[in-house]
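Remarks on the structure that follows.
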Amino acid sequence: MKLTCVVIIAVLLLTACQLITADDSRGVQKHRSLRSTTKVSKSTSCMEAGSYCGSTTRICCGYCAYFGKKCIDYPSN
């Protein structure tokens, strides 16, 4: 009986600790995909429109047209 009570109290304490730490970290961590794009944009420079793009070259500022293998700017709205 005592062991059961000790186990129940331990589980409740561990659950409470997890809830407290999860609440404290809210807003600190960014979404995984946003972090990776900001790291890439800070660490590499992009290729201008008209430059050759392929699997071994740097990233285009816009996007890479795979059929023509040239960097193209995003269309403006």
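Yeah, the Cβs are placed from backbone N, Cα and C, and that goes for glycine too.
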Message: Quick test of reading the record: Swiss-Prot lists a disulfide for C53. Which of C46, C61, C64 is on the other end?
response: C64
Candidate in C60, C61 joined to C71 through a disulfide, as Swiss-Prot lists it: C60
- prompt: C46 forms a disulfide with which residue in Swiss-Prot, given the options C17, C61?
  reply: C61
- prompt: Just going by other Cβ atoms within 10 Å, which of the disulfide-bonded residues C60, C61, C64 has the emptiest spot?
  reply: C61
Field: Neighbourhood of C53 (disulfide bond), C-beta criterion under 8 angstroms, separation at least six
entry: M47, C60, C64, A65, K69, K70, C71
